[in-house]
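According to TrEMBL, the features are:
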DOMAIN    B:211-288  domain 'Beta-ketoacyl-[acyl-carrier-protein] synthase III C-terminal'
DOMAIN    B:352-385  domain 'ChsH2 rubredoxin-like zinc ribbon'
DOMAIN    B:396-451  domain 'ChsH2 C-terminal OB-fold'
């Protein structure tokens with residue numbers, strides 16, 4: 001069973017990401033939705049069903065139907081931590097593939113800058129208050145000392161590897177007019193940024209931003225009626241883990257199992273056996289620099305224990321063997337949770353159609369997107385693979 | 001024969017060098033340092049730690065009572081002895097009681113425990129802890145320290161028999177704190193010593209001496225409460241004791257530990273006692289109490305896990321005065337741009353009490369994997385509902401990985417969070433306390449300690465943290 005080549009994207013929209021003080025979540029949804037509609041050459045009435053991904057910027061499908069004035073059509077609100085946007089896309093794809101609808105929209109939004117808090121704040125359900133109150137960077141920084149120790153990196157080398165990842169993503173983001181941060185950042189500045197969760201400095205962390213992105217999905221056989229160069233879905237995997245790493249001593253914090261298993265499932269669906277060679281480019285969940293480091297190994301882009309060398313050798317640079325985060329990543333875009341997965345697909349959609357401007361990668365065939373929500377020991381992970389041709 | 005069958009102590013890891021007070025105010029301070037409860041410690045957590053030191057492998061299942069004595073209970077209405085009993089994993093049918101509102105609370109609790117075991121047998125644990133609040137720049141701030149002591153009182157395997165006791169009541173206001181008072185109040189020292197402390201203590205000892213036909217020469221050590229170091233030595237000498245009979249008051253290393261002070265000195269005396277030695281504990285507060293103990297042969301067979309001497313040696317005294325003020329909640333710091341903690345859900349606390357207080361997880365009957373929190377479905381073999389309770393509180397553990405979080409809110413930033421792997425299996429991601437972030441490393445040995453996570457909505461939320469092995 002596979003979703004491969006069953007559905008295609010015929011239109012996308014993506015707002016700029018950043019501090020949209022003058023726009024509400026509704027404003028962002030209207031912008032992303034209409035950009036996607038115009039791109040597909042469709043009217044609002046053409047969309048038969050919607051999946052709205054938002055983690056905390058609204059409840060129920062009404063959060064979308066009210067601003068868009070949707071005329072009594074199905075809207076499903078999806079929440080799955082940082083995989084929210086991709087899971088909205090997954091559900092829209094499945095509904096179209098199943099024949100329940102001919103045309104569906106997946107749209108994701110997050111309005112984070114209204115909270116006034118630093119970092120992400122997600123209100124948990126009432127509990128006994130004993131859950132450790134670590135910040136998100138602290139949770140992901142647990143990967144760093146474990147990885148350094150296992151593979152024999154001294155702290156300086158380890159820190160340099162992490163900084164090199166942030167450097168690459170900002171360099172790519174500087175070429176992207178929709179990014180929150182559009183400047184290259186010198187390696188020295190990254191290395192010396194104030195410590196947030198040792199060894200991570202503030203420049204090892206993605207930003208907090210507002211944004212929205214949308215995709216319109218039809219069955220592959222219909223795609224060319226709408227668009228001469230649609231983008232075909234090759235695989236979608238969403239994996240949730242058992243929280244193994246927080247309970248069991250055999251988890252060593254140098255890998256995130258949900259990423260590994262989601263990758264495995266996606267490669268099976270797409271028929272990929274050598275991801276390093278077959279994947280042309282990837283957008284991965286660089287919430288914090290050590291996350292991106294272990295993703296390389298979990299997705300099979302690097303051998304175990306070798307990702308750090310690949311980073312230093314520029315393998316994942318825009319002009320490298322396997323460019324990762326060509327649009328600048330979460331590092332340059334911030335992470336409006338519900339929107340990020342669709343923002344990543346938007347970059348693949350541009351790249352596969354040769355429309356990525358100064359970031360354009362030479363003739364890419366397959367693009368991979370990856371989101372990771374939760375924590376290294378207890379996560380939800382999504383992996384999508386899209387391509388410019390069927391077959 | 002009723003008496004002490006086990007004893008232990010707890011002195012917080014952190015000490016304030018009194019030179020920090022001199023630097024802060026430009027006025028002389030007494031010599032030495034004082035023990036300071038961390039921001040996550042209170043009288044309840046210190047009582048639990050002292051009790052764990054005391055039990056040191058003894059089964060809590062044998063306890064028939066748990067008494068908690070303090071002048072600084074967390075609640076005005078709600079018993080704390082139940083929290084102490086639950087954290088120790090004492091059986092459900094245990095008698096619990098709080099003894100409070102007086103500096104004599106510790107000795108009163110010990111006498112009540114002795115009465116109970118004489119009448120009904122059994123073993124009663126008495127945990128005494130105090131962290132009295134003192135206003136900035138004052139004499140009490142210089143003097144007060146935080147500490148705890150614990151004893152099991154029983155009739156079998158007694159290591160220090162109670163030979164006699166005497167209580168004297170005297171309703172004189174010397175030091176007091178109304179419900180709304182933040183700090184201890186006092187009348188002038190010359191009045192409280194000349195019309196309160198000295199006559200009441202003298203009367204209690206005279207009465208006890210007459211009852212037992214004993215003189216100071218028959219006593220090995222006197223564990224004497226005193227309102228200050230000056231009166232400690234002065235009173236003992238005036239009562240006819242020699243300098244070498246006075247148990248060190250620990251004023252320069254712990255400070256005056258309120259209701260726990262004389263009990264702490266008693267524990268210290270027991271650590272060095274030989275069979276046959278008589279130790280006299282004397283407390284004061286709206287009266288005076290004297291209890292005479294005599295060590296038995298069994299004293300040689302017992303030692304607390306760390307005791308007074310072990311805890312005295314394990315310390316960090318580099319804290320500055322601003323940190324002290326912050327921990328004592330005496331200085332308002334700018335709040336972080338993060339939400340305040342929600343008040344914990346009482347039903348959730350109740351459901352999880354066995355984990356949160358006694359620190360139970362579960363162990364899979366099928367594959368043997370320990371896990372905390374307790375699981376319904378095994379993390380290793382996925383067997384459903386085949387778990388047995390498994391207690392992690394006293395297991396040693398090592399750090400698998402860690403982080404130093406500068407972003408999360410704390411009264412003592414940065415916060416170290418560690419993934420700790422327990423000896424014999426099981427893992428927990430938890431907060432660390434009493435540690436130097438710069439020294440934490442993978443593989444470091446840690447032990448669990450009972451702490452107060454935070455207060456919200458008038459609820460004190462207790463749980464366990466890891467600390468480097470003391």
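Placement of Cβ uses the backbone N, Cα and C atoms for every residue, glycine included.
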Sequence-remote partners of the domain 'ChsH2 rubredoxin-like zinc ribbon' (B:352-385) [C-beta within less than 8 Å, at least six residues beyond its ends]: 83, 86-89, 391-393, 422, 424-428, 448, 450, 462-464
Secondary structure tally of the domain 'ChsH2 rubredoxin-like zinc ribbon' (B:352-385) (DSSP, helix then strand then coil): 4 helix, 9 strand, 21 coil
Averaged across the domain 'ChsH2 rubredoxin-like zinc ribbon' (B:352-385), what pLDDT does the model get? Just tell me the whole number, please. 97
For the domain 'ChsH2 C-terminal OB-fold' (B:396-451), how many residues does DSSP put in helix, in strand and in coil? 3 helix, 30 strand, 23 coil
Run through the domain 'Beta-ketoacyl-[acyl-carrier-protein] synthase III C-terminal' (B:211-288) and tell me, per DSSP, how many residues are helix, strand and coil. 33 helix, 15 strand, 30 coil
